[in-house]
Every structure is written in structure tokens, then in C-alpha cells.
């Protein structure tokens with residue numbers, strides 16, 4: 001990573017405290033990344049019986065990482081460096097470490113350890129509850145996690161809205177009000193569009209049949225290769241809930257297969273590719289420093305959404321990929337059929353991760369409202385299934401018959417991740433904004449995609465997003481990359497145009 | 001785990017310091033086990049590019065585990081508890097923690113971290129050197145690890161033989177002189193036996209043909225199921241060098257396949273089963289305490305050897321298993337043919353992990369001599385290939401043509417594990433002694449094996465070995481389980497009888 005400010009001959013020499021601070025922060029980072037490996041293993045490889053030991057292991061690693069970040073020596077180094085005249089990238093690193101130090105120093109180690117143990121123990125409980133469609137079996141766990149995270153938020157910022165505090169763990173550089181505004185804009189723009197689609201009578205092509213897992217695996221692997229995923233720095237595995245995790249040296253992707261929905265595993269894999277591609281694009285030389293870490297979940301999600309939707313659900317992508325899809329599955333789809341099938345709007349779909357680009361955001365609005373009320377204590381855990389089902393009916397006109405496809409569907413709450421969901425919509429919106437900027441900068445991006453050339457797009461993203469790590473705040477990053485602040489306009493414009501054409505809307 | 005001493009109403013109440021000490025020790029244990037997961041992942045799952053980050057992660061976890069064990073609070077708690085009147089099991093736990101504390105407190109954290117990073121970085125260097133048969137590429141790494149481990153030994157016990165200090169990391173409760181005596185006894189007993197076998201002219205049945213990996217995988221899985229491996233607390237995967245790792249909640253096995261040697265993968269898997277079976281038999285309630293940990297590598301190896309050789313290479317096992325083997329491989333072996341093939345003595349074999357029960361120990365003697373001289377500084381790294389090859393010729397009458405099947409064959413040195421090899425022979429000897437004791441205690445053990453009934457044997461091992469964790473020293477454990485001190489007599493007797501019959505020796 002270039003740090004031009006360091007080359008300034010007039011600059012004051014960097015105090016030794018900077019290296020000391022970075023060494024300490026590095027240790028905390030490595031421990032955090034070790035914990036991410038334990039977590040990947042737990043979800044992808046670990047036999048069920050391993051849970052009690054794994055909980056202890058993750059709890060211990062979290063606790064020591066926390067201790068390193070919060071101790072007095074770290075605090076003293078931060079104070080010294082904040083008085084120093086540092087070059088801008090180093091000042092940014094100090095700013096980021098300060099934020100994490102504050103968040104952690106205010107939370108007692110015991111509580112950190114308890115949260116880690118509780119979330120580790122919660123995972124199999126949630127999994128079992130989902131499998132047996134038994135919300136009551138998960139309710140006490142959810143209650144415990146809410147209580148722990150409320151206590152956590154109370155320590156971090158006693159006078160703030162606890163939900164805003166939790167949200168900032170995932171998106172530290174945008175106000176919760178920005179999230180609220182974006183969700184509001186999306187709801188206002190999308191509800192009439194989805195209604196119009198429902199009334200259009202248009203019937204885009206739909207896939208039918210059975211698509212064996214082994215063929216889907218071959219398709220998803222080929223998609224990853226096509227997009228340029230480096231298997232020497234990653235893996236593809238299956239997991240109950242697809243995710244991506246890792247470092248710039250080893251960023252892994254998981255997927256899952258439904259034999260009747262081969263486009264779901266493909267879209268999901270391309271989505272996780274976008275995440276892994278961001279992670280792998282972080283500067284390797286800055287591993288262990290905030291300058292080598294991602295900028296927060298909204299930016300992370302922008303990278304996955306850009307590939308999932310703007311690439312993987314585009315006409316040029318299907319011009320490129322339809323033959324490969326047909327070869328593996330023995331189908332005979334045309335480009336247009338595949339494109340239509342990949343972009344059907346399902347206003348009766350209950351499951352977020354299977355949602356289309358439009359209804360997806362209403363799934364997020366629903367979760368956002370429920371978890372905000374849960375954290376505030378305005379909603380009892382026991383009421384969640386009923387409220388969930390009522391709102392699904394209100395927003396999408398469809399009611400889950402089982403909690404397994406209702407409020408038990410997502411892994412997030414079992415991780416204690418309250419405040420995470422809004423970053424999905426923020427990421428979608430940013431994806432559209434970044435894609436528009438990339439299209440303006442690059443020569444015939446659509447033509448490149450149709451030709452299977454992804455280098456220029458990936459380089460543009462690397463230069464404008466990945467390589468900066470946490471050098472800039474989210475606001476600054478968005479402004480630099482796109483020339484304007486974060487806005488939902490690009491997404492809504494894109495949605496109107498794409499789905500207007502697909503559903504023959506005259507708007 | 002029962003701790004009858006605790007129930008004694010006359011006993012003094014346990015000081016609060018005991019719980020504090022165990023909590024601290026627990027954290028170190030969980031961190032150590034977290035590191036074992038990182039290591040398993042590195043060898044079984046991690047893409048190659050992940051090495052730099054994994055090295056940092058493992059180094060950081062080792063360092064914090066070390067810090068917890070050595071800090072002043074741990075030292076103070078130990079002193080307080082050593083003055084207290086503790087029930088015997090708790091006194092044993094304190095004794096074990098004291099040993100680890102001493103070993104760790106004397107070694108600077110920086111050196112611990114450096115060793116961890118160096119061993120993590122060494123792994124791919126060794127792997128590449130082995131693949132390309134290029135000892136020179138590994139030599140500087142070996143030199144670095146020797147230097148680090150010499151420095152380590154110098155810190156632990158400045159006046160002791162550094163090799164004895166390193167040996168005690170793997171076998172803390174037996175003197176190096178015991179190892180030397182056992183190796184000497186084995187050499188004296190085995191050299192004439194192997195010679196007699198070579199001269200006997202007898203030709204036990206040998207397998208011929210190609211045995212696909214998928215069939216071997218099915219056989220090894222069936223063997224694990226037959227022996228009673230609990231797949232809900234374990235996994236079977238492949239790795240370049242088979243190993244077993246984990247906790248009493250999740251103990252995993254790895255294997256590898258050679259399409260011309262289906263009995264190798266089977267024996268190796270049964271061997272690793274023995275390790276995992278020990279780990280899974282450790283008391284779960286004592287997880288995080290020395291009472292929930294294995295007694296050292298000699299005892300560990302006794303468990304793997306007992307299953308590998310005394311069960312898996314026995315006549316009753318093949319009476320049970322030959323049909324299953326034949327079914328998977330489409331072969332038509334008789335019990336006797338399978339038994340003979342599983343017990344051929346290969347006096348021209350170069351590779352330790354493919355060695356038979358007899359020549360195996362000469363492979364160990366060779367490594368023991370070389371690494372003892374390396375650590376003492378009496379042998380240069382550059383001389384290792386020549387010395388290795390000369391001694392192979394001397395002991396087994398065969399000379400490696402490539403270092404890949406000579407001094408580069410084992411993973412141990414790339415782990416910095418000098419002093420580990422002797423525990424293999426100690427384990428073999430103890431396996432024979434334990435098997436003889438179990439046979440005396442149990443009703444028709446051979447008949448049970450032939451009938452596929454392994455519960456009684458596994459219970460005997462659990463009661464006499466596994467459940468005690470580190471409650472007793474190795475000496476005490478052996479004496480309690482078998483009624484006498486460790487001796488090579490049972491192994492040599494067993495070897496004379498078994499191979500005398502197989503090779504029609506008149507001795």
C-alpha cells in the first residue's frame with residue numbers, strides 16, 4: 001500500500017510509540033482472525049459434539065484479544081500518538097484503534113467472555129430450533145443474547161440509544177439516521193414498483209426441474225473461476241447459512257444447494273465471492289493494522305451486492321455464462337431465459353436469502369423494525385413470531401406458516417448480531433452507486449463482462465475501495481470513489497430501468 | 001471423573017486459590033486447543049496462500065497462552081496451594097500446573113512467539129523441500145529451528161542436557177535414560193530377530209494390485225465404525241502426514257492413501273483411532289484442567305499402537321474384518337492371507353510410517369541418534385543426509401536414493417519437535433504391556449475382537465488409562481494398570497511369538 005505522506009521529507013519522524021501501538025493492535029487482530037478460523041470450522045467442519053470445548057476456546061481467545069486492546073499501555077500509546085504530528089495514514093490508523101479501544105475498554109472482560117461463550121452456545125440451539133421449527137426452544141437463548149448485548153451497549157455508551165451503539169459495531173462511520181433514511185427511501189421507492197410488477201401480468205421465464213447438487217457445485221466453482229477467485233487463497237465449502245470469512249491471505253466462501261433452485265446457489269456464491277474479493281484485495285503489507293482491514297459492513301456488502309446483482313444478474317453476464325450453465329446442467333436455456341429467471345421478482349417469498357433484488361429490502365425493513373424494538377425493550381421475545389408474521393403480510397402480502405421460514409430463518413440473532421441487517425440495504429445502495437461510477441470510468445464495462453474480462457472492474461474496485469483499508473471513513477471513501485455522498489438514487493434508478501424492462505412497465 | 005478424596009468429611013476445605021488457578025490454567029488450555037484447531041486447519045483445509053497470516057495467528061495465540069501461564073498471579077497461586085493441604089487429585093493438578101509454569105516462566109515470551117512463528121513458516125518450506133527432494137532448501141529452516149529449540153532448552157534448564165529438556169516436553173514423567181534403555185533393549189532384541197526373518201526364506205502372503213482411494217476411504221471409515229469411533233465427536237480427513245488432534249469433545253483423525261498399499265491407510269487410520277479414542281476418553285468434566293489432559297506422548301502412543309498392532313494386525317481382527325475388506329475392494333483374501341499381508345516384515349523399507357512392527361524401532365533409533373547429536377551440536381545440519389543414509393544402510397541394509405524418502409520424510413523436525421521420536425518406541429513397548437494386562441483381566445479378549453466386540457477393551461483402557469488424565473505420573477499409571485514398571489519384555493515376547501510363527505522360525 002502506498003503511503004505517500006510518509007515520503008514527505010518535511011514530515012516529523014514517526015514516534016516509536018506508533019510501532020508499539022501497531023504491534024499490540026496486530027496481536028489483537030491476529031487473535032480476532034484466529035477466532036474467525038474457529039468460527040468457520042465450527043460452521044463448516046466441526047462435529048456436533050465439539051460445541052462445549054469450542055465455546056470455551058472462542059471465549060478465551062476473545063477475552064485475551066479484548067485484554068490486549070484495552071490495557072493501560074495501549075491507552076498511553078494512544079494518548080501519546082494523538083498529541084504527535086503523524087502523516088495522514090498513520091493518523092487514520094490511530095483514529096481507528098482509538099475507536100476500538102474505547103468500545104472495548106468500556107466493556108468488562110467478563111462480559112466480553114460471556115457474550116462469546118453465549119453466542120457460541122447459541123449456534124446449535126438456533127440450528128436445532130430452526131430444524132424442528134420450535135421458536136420456544138430458541139427464545140430463552142435470544143432473551144439471553146439481547147440482555148447481554150443491551151448490557152454491552154450500556155457500557156459502551158450509557159446515554160445513547162443502545163441500538164445505535166450496536167449498529168455502530170458493524171457500520172462505525174455512518175449514523176443510524178442515514179440507515180433509517182435509506183431504508184425509508186427504499187420503502188417509498190420499492191413498494192409501488194413491486195406493486196406495479198405484481199399487477200403487470202408479465203411472466204418472466206422460470207426454471208423448472210431438479211438440478212443435482214454435484215452439478216450446482218460445478219457451476220458455482222466455474223463461476224468463481226470465471227470471476228477470478230484465487231483458489232490458492234481461498235476455498236469453497238458448504239454451510240447451513242452461506243458466508244465468507246478470512247484475511248487478505250485466505251478468504252473463504254461457503255454456499256448451499258437447493259436442488260430446485262440452481263440460481264440461488266449461484267447468486268449466493270457470487271455474492272460471497274464479492275466479499276472474499278474485497279478481503280483478498282486488502283493490502284497484504286498492512287495485515288494486522290487498521291489500514292489492512294475492511295471499512296465496515298456496508299462497504300463490505302456493497303462489494304458482494306455489486307457482483308451478485310450488477311454482474312451476476314446482468315444481461316452481459318448471462319451472455320457469457322449461459323453456455324457454461326447449460327453444459328453442467330444439461331439444459332438448453334437462451335441468454336434471455338436465464339436473465340429473466342435470474343431476475344424474477346417473488347413477492348410471495350418468505351426467505352430473505354432467497355429474495356430478489358427488490359423485495360429483499362422489505363425483508364430488511366421488517367428485521368430492522370423488530371430488532372430495534374427488541375433492543376429497546378418495546379417488544380417481548382415471545383411476541384416476535386406474531387409480529388414477524390403480521391409484518392410479512394403487511395409488506396409482502398404473505399404469511400409464514402412456520403417460524404423456520406419466519407423469524408428463525410437467519411443466523412444473525414444467534415450470533416448476537418443485532419444492528420447488522422441495515423448494512424445489507426446500505427451495501428446494496430452503495431453497490432449501485434459504485435457500479436455507476438465504475439461504468440463511467442471504464443471503457444464498455446458491459447462488453448468486458450460479456451467477454452469474461454473482469455480484471456478492469458476488479459482493479460477499479462481495488463484502487464477505489466479495497467486498497468484503502470480503513471484509511472478513510474465510509475463517507476470519505478464513498479465521496480472519493482463516486483464523487484458524491486451515499487444516496488439511494490442510483491439503486492432506485494437501476495431498479496426502475498431493469499425491472500421496468502423485464503416486467504414491461506410503462507412508468 | 002470421580003474424586004473420592006473430595007468426599008472425605010475430614011478433609012480441609014479447598015482454598016479459593018484452587019479455583020482461581022484452575023480458571024487461569026483453563027484459559028491457557030483453551031488457547032492451546034484453539035491453536036490445535038488452527039494447526040489442523042492449516043494441514044487439512046487451508047489454502048497455501050494462507051500461511052503468512054496463519055503464522056501470525058498461531059504466534060499470537062501461543063504468546064497469550066504463555067503469558068497466562070507464567071504471570072505473577074499464577075506463580076502466587078501455585079505457592080499458596082503448595083502450602084495447602086489438598087486432596088490428592090487437586091494436589092496432582094497443582095503439581096502438573098507447576099511443571100508447566102516452570103517450563104514456561106523460564107522462557108521469554110518473545111522466544112515462544114518466535115518459535116511458533118518459525119514452526120508455522122517452516123511447514124510449507126519442508127513440504128516443498130520434500131516434494132522437490134531438495135534438502136538444501138530445508139536446511140536453513142532446520143538450522144533456525146534447532147537454534148531456537150536449543151535456546152529454549154537453555155532457558156528451561158541451563159545446566160541440563162538440552163536434548164533431555166526437549167524430550168521432557170513430550171514425556172515429562174520418564175527419564176531420558178529410560179528411553180535410552182528401552183531403545184537399547186529393542187535394538188538388542190530386534191536386530192537378531194529381523195536377521196532371522198531375512199534368512200528364514202519364508203514368504204508371507206503379499207497384496208498385489210491397485211486399490212482406488214475411494215475404496216480405501218470406505219474401508220478406513222468402516223474400520224473406524226467397527227472399532228467404535230464416534231463420528232459425532234470426530235472426523236476423518238486426509239492430510240499429507242496422518243495425525244490426530246482435538247479434545248474430549250472433538251478428536252479428529254486424518255489419513256492418507258497410496259493406491260498400491262491399502263493396508264497402510266488402514267493401519268494408519270486404526271493407529272490414529274487409538275489416539276483419538278484416548279482423547280475422547282479423557283474426563284469431559286475436567287476439560288481445562290490437567291486432570292482432563294493426556295499423560296504425555298508415550299502413553300498416548302501406547303493407545304495408538306495397541307489398536308494398530310495388537311488389534312488391527314491380529315488374527316482375530318482379520319477373522320472379523322476380512323470380509324468387509326474384500327467387499328469394498330472386490331478382493332477374495334482369506335483371513336490368513338490378510339493376516340500375513342498385514343504383518344510382512346520389510347527390511348528394505350525406507351519410510352518410517354510404512355514400516356512394520358519390528359523394523360519400525362530401528363527407524364526410531366536412527367532418528368534418536370541424529371537429533372540428539374544435532375541438538376548437542378555434534379552434528380551439522382548439512383551432514384544429516386549422509387549420516388541418515390549411512391545409518392539406514394548399517395541398521396537395515398538399505399540406502400535411500402532421495403532425501404524425500406530419507407531425512408525429509410517426517411514432519412516432526414519442521415514442527416521443531418526434537419525429542420519426540422523416542423516416545424513412539426516407548427509407546428509400542430507400553431502397548432504390549434497394557435494389552436497383556438487387559439488380556440489377563442478380560443474374558444477371552446481375542447474372541448471378543450473376532451466377534452467385533454470392542455466395548456470391554458475400550459472400557460478397560462478408559463478405566464485404567466484415559467479417565468485418570470494426568471492424575472498420576474507415567475510410572476504410577478503403568479504400575480497401577482499392569483502391576484509392574486515399564487519394560488520392553490512384553491513387546492519382545494509378543495514379537496518373538498508372532499513373527500516366529502509367521503516366518504516359521506525355530507527359536
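Positions of Cβ are set from backbone N, Cα and C atoms, glycine also.
Under a cutoff of 8 A between CB atoms, and with a sequence separation of 6+ in the same chain, the neighbours of residue B:271 (Zn(2+) binding site) are B:242, B:304, B:305, B:307, B:308, B:312. Per TrEMBL, Zn(2+) binding site is recorded for B:271, B:275, B:301.
Look at TrEMBL and you will find B:272 tagged as active site, proton donor/acceptor. Every protein chain considered, the tally of other Cβ atoms within 10 Å of the Cβ of residue B:272 (active site, proton donor/acceptor) stands at 28.
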Handout entry: Distance, residue B:301 (Zn(2+) binding site) to residue B:272 (active site, proton donor/acceptor) (CA atoms, angstrom)
Key = 9
Exercise for the section: Would you mind listing, in sequence order, the residues at least six apart from residue B:301 (Zn(2+) binding site) in the same chain with a Cβ closer than 8 Å to its Cβ? Expected result: B:275, B:423, B:424, B:426, B:427, B:428, B:430, B:431
Problem - Shell list (Zn(2+); ref centroid = CB of B:271, B:275, B:301; cutoff 8 A) - result: B:244, B:272, B:274, B:300, B:303, B:304, B:305, B:307, B:308, B:427
Problem - Packing count at residue B:275 (Zn(2+) binding site) (other Cβ atoms within 10 Å of its Cβ) - result: 27
